[in-house]
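**Student:** Would you mind keeping the following structure in view while I ask a few things?
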Amino acid sequence: MENSEGVKIESTVVTEEPLISALDIALFVVIITVAYFWYFKRDKQSSSSEKKPYTIQPSSLSSIEQTSNSSFIKKLKSTGRSLVVFYGSQTGTAEEFAGRIAKEGARYKMKGMVADPEECDMADLVEMKEIQKSLAIFCIATYGEGDPTDNAMDFYEWLQNGDADLEGLNYAVFGLGNKTYEHYNEIAIYIDQRLEELGATRVHEIGLGDDDANIEDDFVSWKEKLWESVCSHYGIEETGEESNIRQYKLVDCSEVLPERIFSGEISRLKSYENQRFPFDVKNPYLSKIAVNRELHKSGDRSCMHIEFDIDGSKMRYDTGDHVAVYPKNSSELVDKIGELLNADLDAVFSLLNTDEESSKKHPFPCPCTYRTALTYYLDITSNPRTHIMKELIEYASDPKDQEKLKLMASSTPEGKKEFHEWILRDNRNIVHILEDLPSVKPDLDHLCELLPRLQCRYYSISSSPKVYPKSIHITAVLVNYTTPTNRVNKGVATNLLAQLIPTNDELPQPTIPIYIRRSQFRLPPKSQTPIIMIGPGTGLAPFRGFIQERDYARKEGREIGEMVLYFGCRKKDEDFIYENELQEYVANGTLTKLHLAFSRDQPEKKYVTHLLEQNADELWNIIGEKSGHLYVCGDARSMAKDVHSIIVKVVMEKGQMTSSQALNYVKKMEQQKRYSADVWS
């Protein structure tokens, strides 16, 4: 090694120098040896903290057991399975799809298992050929700006950097994406192509699911054709057996001691009572709400400015990062489910995986009460997918209800239409379904197995750590809307946050679990680089942090570049958020220009995109002549796309380029992180 070679060289030089005594040599060698071991240990710790291992490492296992536990090949062989379905999931949908595929494998004489690539040694893919008629399926989501999910990051990097021989590996890929985003299904497409480049055999063409349309329909259609290809490739036939087999079995936990029962913790029992750093997706920080104030001046809508206290948490964030908030369902909806199913919500239970080899023993933290599961762990407000309709059929005592569920669970054109109209268009959740199909009375434990996990909500941080190192600010619109069935649906997180109002210092302050998710939405490294920020509505949030950071630099005496902000809302006197702050930044010179569009303050609607078109010279001056940065935050479906089109048009006209040249120029800006978007649909 380099350090050990250094020691040898130094010691040789010393022994050849007659002016140095033996004691000097000995001391020198001791110092170098100590330095070497200190450096080696530090380097080892550093590298281990930067790179997440594939192996599962439960504390009760020896190192040998830990290594073998990460080998999905050994699990396949020892249990006689030939199908493994990997998932890259950020919100749980890909994991759910993977489970459904593995479950259906039994109908085709392919016993399957679901696997998290983060917990597997993916280099073992080279050994899949040793298993007869084996198949690896990948359900892979793309999120952010074409990024892999957290649990698929290591696998993605392994494919990028490795050159494994995957000849003999049979595979298929289904991607989960959203067409409103530029990098639609980019990760799934890359994995599909890369596996082929490494010698693997594609059994069925890639499926691309669009969450902006009907990803359930995309998945079901692809899955049906997948099994046709599998039958053809392996020369097998469908057994015809239905796959409505429970994945988890109910365990009565009424005798479990209270201190062993989960009460809403994400992973570790009693983690909210005994908080331990570091805080992340599985170990959120229970933050106090320091400030919760209304930003709208009038009108029937609400926008909240909320500050989370992180003092003493050791949490650090950068301007442009996101904060994840763990919500809980309303007690009203939870109680309604208990009432509709005539269930004891305070009964303590556990769901145990019937697959003893699975690394996922429970669908959520168990044991717990049904009330806890429905409040903290299960999504009861989103539209259920078709497989839930199928599972509910057996619980319908009314033939009409049975037929309706069968129709919606089918893949016929009539069934898809009914599902789209009755579930998606009318925006029914599981509570609404149980209300409108009164004969459907599923076992509550089975319903808990079927419902997806309640996911954390991400918000752009609207503060700078330079100015607010001990708090995190967010800007959130309260979500309330009436559905076509005249029900009022409420946003899970924002309606919870609206209730968390700080009191005086003598009383306990309201709290909520949070953690920080890193982002690539960053200010330029040099404070003098000019920037343009486009953020209508709550799209202003990250730019509030950007402006604070530049203002901080200005007050320190550093030179700051031009800052141009485009902001829009409905009415100046109603929803112009942070108006006084922005005007102050204009007055002190931090904010060079503030372009405002109030869409409903005049007969003709006026948006930020109209202002962009009017200021083509200014745009080109900053992004073209001065190589500045451009940022967009807000709605991905229309605003962000319109902005992109305008930018390309400005580059064409002011930069005197052809259409293809302008597109390449903007593409290069994106690659150089000079054009960044933080958008949602």
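Glycine residues also receive a Cβ, built from the backbone N, Cα and C atoms like all the rest.
Pulled these from TrEMBL:
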- 89-94, 141-144, 176-185, D211: FMN binding site (BINDING)
- R301, T538, S599, R600, K605, K606, Y607, V608, T609, D642: NADP(+) binding site (BINDING)
- R457, Y458, Y459, S460, T475, A476, V477, Y481, G491, V492, A493, T494, W680: FAD binding site (BINDING)
- 83-227: domain 'Flavodoxin-like' (DOMAIN)
- 282-524: domain 'FAD-binding FR-type' (DOMAIN)
- 20-39: transmembrane segment (TRANSMEM)
**Student:** What is the one among the binding-site residues Y184, Y459, Y607, W680 whose Cβ has the most other Cβ atoms less than or equal to 10 Å away?
**Tutor:** Y459
**Student:** Given the binding-site residues G92, A141, N178, T475, A493, W680, tell me which ones have a C-alpha lying within 10 Å of the C-alpha of S599 (NADP(+) binding site).
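**Tutor:** Within 10 Å of S599 (NADP(+) binding site): none of them.
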**Student:** Looking at the binding-site residues Y459, V477, Y607, which has the shortest Cα distance to S89 (FMN binding site)?
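**Tutor:** Checking each of Y459, V477, Y607 against S89 (FMN binding site), the shortest Cα distance is to Y459.
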**Student:** Closest of the binding-site residues to R301 (NADP(+) binding site), Cα to Cα, picking from A141, Y181, T475, A493, W680?
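**Tutor:** Going through A141, Y181, T475, A493, W680 one by one, the Cα closest to that of R301 (NADP(+) binding site) is T475.
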**Student:** At the Cα level, what's the spacing in Å between T475 (FAD binding site) and G144 (FMN binding site), rounded?
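**Tutor:** Cα to Cα, T475 (FAD binding site) and G144 (FMN binding site) are separated by 20 Å.
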**Student:** Radius 10 Å, atoms counted are CB only; among the binding-site residues R301, R457, K605, which position scores highest?
**Tutor:** R457
**Student:** In whole Å, note down how far the CA of W680 (FAD binding site) lies from the CA of G144 (FMN binding site).
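**Tutor:** With the alpha carbons as reference points, the distance is 9 Å.
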**Student:** Count the other Cβ atoms sitting within 10 Å of the Cβ of G491 (FAD binding site), across every protein chain shown.
**Tutor:** 18
**Student:** Let's check the environment of A493 (FAD binding site): how many other CB atoms sit within 10 Å of its CB?
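**Tutor:** That number is 22.
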**Student:** Given the binding-site residues G92, Y184, Y607, which one's Cα is the least distant from that of A493 (FAD binding site)?
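**Tutor:** With Cα distances computed to A493 (FAD binding site), the winner among G92, Y184, Y607 is G92.
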**Student:** To which of the binding-site residues G92, G144 does the lowest count of other Cβ atoms within 10 Å belong?
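**Tutor:** Candidates: the binding-site residues G92, G144. Fewest Cβ atoms within 10 Å: G92.
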**Student:** Sequence order is fine: just name those binding-site residues in Y181, Y184, Y607, T609 with a Cα within 10 angstroms of W680 (FAD binding site).
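**Tutor:** Y181, listed in sequence order.
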**Student:** Check the binding-site residues A141, V477 for other C-beta atoms within 10 angstroms of each C-beta and report the one with the most.
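**Tutor:** Buried the deepest by this measure is A141.
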